[in-house]
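Read through the structure below, which is laid out as structure tokens, and then see the notes.
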Amino acid sequence: MHLYTYLYLLVPLVTFHLILGTGTLDDGGALTERRSADATALKAEPVLLQKSAARSTDDNGKDRLTQMKRILKQRGNKARGEEELQENQELIREKSNGKR
């Protein structure tokens, strides 16, 4: 029973000691120093992008976002322009007339 009392007191003390990082590793380095060095080595470097480099461009080197804004403005912020709608309606009429 006396042994269990010592273990009961020793286990939380050792655990607390390791959590705080005051324990040492086999090579003599402190636990927290080793972990912080590893974390620093693995930390990703921030990537700074210029505004133009962050946007995708088409084959001609033009900015796709700017082109889409321009196209939507011309269409009146509709998904399809008037010409495309008329062409689609004509195709639907032709197909429906062909089935009869």
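All positions are counted from 1 along the displayed chain.
Even glycines carry a Cβ here, placed using N, Cα and C.
Bear in mind that the values here come from a model prediction, so they are computed numbers and not experimental data.
For the residues Glu33, Glu90, Swiss-Prot attaches the annotation 4-carboxyglutamate to Glu90, which does not rule out the feature elsewhere. Within the same chain, no residue sitting at least 6 positions outside the compositional bias 'Basic and acidic residues' (90-100) brings its C-beta atom closer than 8 Å to a C-beta of that stretch. The CA atom of Leu85 (site 'Important for selectivity') is located 14 Å away from the CA atom of Glu94 (4-carboxyglutamate).
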